[in-house]
Amino acid sequence: MKIDIKDLGKIEFWTTSMLYGFAVMMLISNGSDNNISTPYNFKEAGVSFSYLSNYFLPGLYKYSILYFSFLLLNFCCLPPLYQKKNTGINLSILFGVYLFSGLVLSIAQTYSHAYMLVQYDNLDEAYNHIFFKGFAYAGWVIVLTAIYVALKKLIIQLIEHKEEESNKRMKLEIAFASAFWFAGLLVWLTIGVDFEVILCWTLVIGSCTFLTIYSIYYLIPTTLAQGKKFRHFFGKNILLTLLFSIPLGLIAVVIIGRGEMFPIVNAFHIAAQLMISTPLAWYIYKTRNATDQQIFALQKELGKSDANLGFLKSQINPHFLFNALNTLYGTALQEKADRTGEGIQKLGDMMRFMLHENMQDKISLTRDIDYLNNYIELQKLRTSTTVDILIKAEIEEQLADLQISPMLLIPFVENAFKHGISLQSPSHIKVTLQTKAKTLYFDVNNSIHLKADGDPEKINSGIGLQNVKQRLNLLYPKKHELIIRESAKEFFVHLTLNLD
């Protein structure tokens, strides 16, 4: 999946612009409705208050600096820095943004907090303390914007990166949870809440993220695998929530230094886990599992459709082909060409299998083995005159009525004859098949010879080993084991298949 950076940039620009406009409107609205405490603070300190100089303009400068700094950092400065492009120029721009933002914010701070001047022994100390808070604020703006850009870059990379689906999903969920925490952090910082609220937010979001991901990828699958339902999962989650509450509370107490933080953090932690995290994890898992099942079924049907289409294309007037084979078979018998007649007969049996039974979802294992034996015998006719070619088939007769998806075994044997037979060099092929209970054990061992471009065996005669692997994964998930080993001179395949 490819993310359109231009479209994302437009969304960011207009969202930020709307927030900036909303902040300015709230600034005007609060001032006109006398809903602000600033005049009261000035009055209490005995300092004269000006709506324009001590409230509106400082607030407007503050929001404007936030708005334009974000746009400059997000679109122009930080992305090239992450890509290590024009590092010197962009670092200079970054430093310039910090100095200019810090200066404007500091000046605005001295006007909006002028009532605090009386709290200090002299004006120099007061201005130094109030003034330099603006530079600290500017530093936080740069740090938080850098975190935002890094999270955005990470999420885009995870979405576009091709890897195992479960790993990709987990990384995306962690990234989105981090983005959610960051968005909340920005809200709290904008409102100006105490550090205790930010710490509580961070601890609760962190614990919820961990337990949600743990539930989705381990706790819920193991619970359902044991045949248990939601209430058992809910009970386990309650236990985990209570266990997590102890270290979370202790962390809050150690950082803040007040014992009352223990019950406060745990109240939010337990409520969030039981009311949000637990049902959310269950919903995500069930929804995702249903979607995966639908995709799996569609892939399975698509694979069958592709196979059927290929076989349909090969059915060029099958009645004509069978009539022609019967004519050739009769001619061979009349001319006493027994080996030719035998080959034609086996080829006819194989074609009937391909045109009829091969179209079914499952067939008798005995019929699939008949096709396998016919193919091996047909190949033996071609190579029987060469003494250096050893073909050995130990295929156990099937007494049990086992069912198998057609054409799963033959590609391995086709591959063995394609790469394992040379009319100029000693060659060998050994095929072994046996069943125990409902488990099939299938081995193919063959020599390897490089084929010339004109050799007919170089042409792909089967659907290919890669396609067989895909069919096994679709038709027998977690019910098969396929081992393929290759050396310079030999090729070995071992397949264990559960035919339940």
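Just so it is clear, glycine is given a Cβ too, placed from its N, Cα and C backbone atoms.
What TrEMBL says about a protein is an automatic prediction, not a curated fact.
Annotation comment: TrEMBL describes 308-384 as domain 'Signal transduction histidine kinase internal region'.
Sequence-distant contacts of the transmembrane segment (12-29) (same chain, at least 6 residues past either end, Cβ-Cβ under 8 Å): 35, 56, 59-60, 63-64, 66-67, 70-71, 74-75. Sequence annotations record features per position, and here TrEMBL assigns transmembrane segment to 12-29 (among others).
According to TrEMBL, the feature transmembrane segment maps to 60-82 (among others).
Summarising the annotation, TrEMBL assigns transmembrane segment to 89-110 (among others). The list of residues near the transmembrane segment (89-110) in space but at least 6 beyond its ends in sequence, with Cβ under 8 angstroms from a Cβ of it, reads 57-59, 61-62, 65, 69, 72-73, 76-78, 80-81, 127, 130-135, 137-139, 141-142.
According to TrEMBL, the transmembrane segment annotation covers 130-151 (among others).
Taking Cβ pairs closer than 8 Å, the transmembrane segment (172-191) reaches residues 140, 144, 147-148, 151, 154-155, 158-159, 197-198, 201-202, 205-206, 208-209, 212-213, 216 in its own chain, all 6 or more past its ends. Taken from TrEMBL, the feature transmembrane segment applies to 172-191 (among others).
Long-range contacts of the transmembrane segment (197-217) within the same chain, counting only residues at least 6 positions beyond its ends with a Cβ under 8 Å from a Cβ of the stretch, are 166, 170, 173-174, 177-178, 180-181, 184-185, 188-189, 233, 237, 240-241, 244, 248, 251-252, 255-256, 261, 264-265, 268-269, 272-273, 276-278, 280-282, 284-285, 288. The transmembrane segment feature in TrEMBL is assigned to 197-217 (among others).
Per TrEMBL, transmembrane segment is recorded for 238-258 (among others). For the transmembrane segment (238-258), same-chain residues at least 6 beyond its ends with a Cβ under 8 Å from one of its own Cβ atoms are 195-196, 199-200, 203-204, 207, 211, 214, 219, 264-266, 269-270, 273-274.
Annotation comment: TrEMBL describes 264-285 (among others) as transmembrane segment. Long-range contacts of the transmembrane segment (264-285) within its own chain (CB-CB distance under 8 A, at least 6 residues past either end) are made by residues 196, 199-200, 203-204, 207-208, 211-212, 215-216, 219-221, 230, 233-234, 237-238, 241-242, 244-245, 248-249, 252.
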The answer for the transmembrane segment (60-82), taking Cβ pairs under 8 Å and residues 6+ beyond its ends, is 9, 12-13, 16-17, 20, 23-24, 27, 90-91, 93-94, 97, 101, 104-105, 107-108, 112, 138, 141-142, 145-146, 148-150, 153
